[in-house]
Amino acid sequence: MSNVTVVMAQIDPVVGDLAGNTDKMLAAAEAALAQLQADVVVFPEMALTGYPPEDILLRPGLYPQVQQQLERLCAARLPLAMVVGYPMEDALGERFNMAAWIEHGEFAASYIKQHLPNYGPFDEKRYFSPGSQPTVVDYKGIRFGLLICEDVWKPTAVEKVAAAGAEVILNLNASPFHAEKHGDRLRVASRRIDEFGVPIIYVNQVGGQDELVFDGGSFAMDAAGQVQVQAPEFRPALVPVTLQHGPNGVQILAGQLSPLLDGEARLYEALVLGTRDFIEKNGLPGVVLGLSGGIDSALTLAIAVDALGAERVEAVMMPFRYTSQESINLATRQAEMLDVAYEILPIEAGFEGMTQVLAPRLPEIEGVTEENLQARLRGVTLMAISNASGKLVLSTSNKSESAVGYSTLYGDMVGGFAPLKDVLKTQVYALARYRNGLSPAIPEGVITRPPSAELRPDQKDEDSLPPYEILDRIIQGYVVEQKTPAELIAKNIDAKMVERAINLINSNEYKRRQAPPGIRVSPRSFGRDRRYPITSRYREPI
Ligand SMILES: Nc1ncnc2c1ncn2[C@@H]1O[C@H](COP(=O)(O)OP(=O)(O)OC[C@H]2O[C@@H]([n+]3cccc(C(=O)O)c3)[C@H](O)[C@@H]2O)[C@@H](O)[C@H]1O
Ligand SMILES: Nc1ncnc2c1ncn2[C@@H]1O[C@H](COP(=O)(O)OP(=O)(O)OP(=O)(O)O)[C@@H](O)[C@H]1O
Ligand SMILES: NC(=O)CC[C@H](N)C(=O)O
């Protein structure tokens, strides 16, 4: 019996662009036929609408358009089978997350997703009803079982499709990135193969969508749990998987093994892709940010340049009386290193103006009022440039600061997108070092100086906050891993620091609700992964 070629079409669908996504699928299928002699081409979950389409799924106008595009896929009558993810609404108004098997232009079979994820960033029970039946398609002598993403994360759907005779599973995914996700996927797939003995071809989408980054990384795992084919991460790809009938069922032949990234390299790529796609898919001309000579704005600038190219990035240093010459020098040096448009715009005159405006009500502007006024004048300045140029303001906030509210509402929290939103301060340093290892992008002095908001004389972050090494352990433990205060203290973290940090985390939810969106890179980000009340008296014993 001859071999059968399944092409993993790791594409980058754009949410809501049904016609564009269909064009992409037709182009990918044609290329898979012409270049790879594909028999089957598998697209990601919900490739027709992009994922997650959120409340677009509740628009009645969506479903006729889905039908139209499915008809286009059939009308192309390509001589292969296409497996396509799409949403469907039935006559009773129930909606389903589906996969279509389109064989030589005929809509030959379909499958309804059985396990609907409703945790973390997922909301599928808001939209869909689950299916209950397996789908197995006999094609070119092989029995293909269809499953959709979460279906392989639990045993039931895999058990059913194996019992229905599937010899290989085609798993359509929209599986967003976090730093440990690829390892989780491999473990889950290998466990299911262990339990039910059916190899899995796992096809993921790639690209940024608002707060989510899809990393691709599609793979084919054989009946022994070995990855025989590995697609690259963070870019679209068409990767062939060769199937052969052997004495022990279907074999997956060894194929392309794209190298995988890890650690900071993987995290950095996710941040660059998430930033680029947010700007590109929203049709924005470029970005502008406040460059302070500190590490957060320095790393954000490097990411922006890697994402968009220096010519689309602008940096502004806005000194005030507390800004050190070293900060100005470091900001200027980085702007030169990266060759971005750069301006020094002092905010002193703005501060004087505000002093006069406020004089009848506030004769003295001091303390936190003075600190925040500086941050807000910088925000106003950046927004003026944004309005005049159309460039989006990048917020430089990181996860450690937003955890404890160490930022100013309508000040340094302005912006349309926050690349570092889910990155802890200790990771910011590691990423800066990693990035400089590729080529010089951040002056060494920015990395080695102690962090300071420079909003009052000699201010250092660690005067107000626990040292970042400790704060980040608390955030990681309390927010990401859901540990109790007692568990944190048992890990040798000072009880007073634990108590203070947890109080700050919980009392600053109000600020986070007003923060710009940013890229999710951890298993639990602030935002949809962690929905906390602003008004709350809940406490846990210390
Ligand atoms: N539950 C609640 N819901 C809604 N609003 C609430 C609230 N509780 C207080 N508020 C309001 O929030 C306001 C306070 O917030 P806000 O004006 O932002 O200011 P606030 O949190 O008081 O001060 C900002 C702090 O962040 C520091 N900072 C600023 C800028 C940059 C950095 C850095 O290193 O990156 C650090 C700065 O040194 C200062 O200590 C109050 O006026 C209060 O009315
Ligand atoms: N003098 C400045 N010129 C331009 N932008 C500034 C200036 N000071 C602060 N900002 C902006 O406000 C953000 C918050 O900066 P701040 O210095 O208060 O603390 P930070 O969070 O440690 O940031 P960074 O590490 O970038 O300094 C900065 O990242 C930057 O975008
Ligand atoms: N779309 C989905 O079903 C995603 C859920 C799945 N566990 C994942 O993130 O990989």
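Any Cβ shown, glycine's included, is placed from N, Cα and C.
In the predicted model, the domain 'CN hydrolase' (4-245) has a mean pLDDT of 98. Taken from TrEMBL, the feature domain 'CN hydrolase' covers 4-245.
Residue environment of GLU45 (active site, proton acceptor) contains 29 other Cβ atoms, counted within 10 Å of its Cβ in all protein chains. Among the features that TrEMBL reports, active site, proton acceptor is placed at GLU45.
In the three-state DSSP classification, LYS181 (L-glutamine binding site) falls within a helix. The number of other CB atoms found within 10 A of the CB of LYS181 (L-glutamine binding site), across every protein chain shown, is 18. Summarising the annotation, TrEMBL assigns L-glutamine binding site to TYR119, SER175, LYS181.
Look at TrEMBL and you will find CYS149 tagged as active site, nucleophile. According to its DSSP assignment, CYS149 (active site, nucleophile) is helical. The C-beta environment of CYS149 (active site, nucleophile), restricted to residues of the same chain at least 6 apart in sequence and closer than 8 Å, consists of GLU45, LYS113, PRO117, ASN171, LEU172, ASN173, ALA174, SER175.
Just so you know, the Cβ of THR396 (ATP binding site) picks up 27 other Cβ atoms within 10 Å once every protein chain is counted. In the three-state DSSP assignment, the secondary structure recorded for THR396 (ATP binding site) is coil. Look at TrEMBL and you will find GLY290, LEU291, SER292, GLY293, GLY294, ILE295, ASP296, SER297, THR396 tagged as ATP binding site.
Annotation comment: TrEMBL describes ASN372, GLU401, LYS511 as deamido-NAD(+) binding site. A helical conformation is recorded for LYS511 (deamido-NAD(+) binding site) in the three-state DSSP classification. For LYS511 (deamido-NAD(+) binding site), the same-chain residues lying six or more positions away in sequence with a CB closer than 8 A to its CB are SER402, GLY405, SER407, LEU409, MET413.
Only CYS149, SER175 of the recorded positions listed as CYS149, SER175, SER292, ASP296, LYS511 bring a Cβ under 6 Å of any atom of ligand 3; the order follows the sequence. The L-glutamine site, placed at the center of the C-beta atoms of TYR119, SER175, LYS181, has further neighbours from the same chain whose C-beta lies within 8 angstroms: PRO117, GLY120, PRO121, PHE122, PRO176, HIS178, ASP184. Taking the binding-site residues GLY290, GLY294 in turn, the residue surrounded by the fewest other Cβ atoms inside 10 Å of its Cβ turns out to be GLY294. Listed binding-site residues: TYR119, GLY294, ASP296, LYS511. Those with a CB atom under 6 Å from ligand 2: GLY294, ASP296. Checked against ligand 1, the binding-site residues TYR119, GLY294, ASP296 give no residue with a Cβ under 6 Å from it. Counting only same-chain residues at least 6 apart in sequence, those with a Cβ under 8 Å from the Cβ of GLU401 (deamido-NAD(+) binding site) are ASP296, SER407, LYS425. ASN372 (deamido-NAD(+) binding site) and GLY294 (ATP binding site) are 18 Å apart (CA-CA, integer value).
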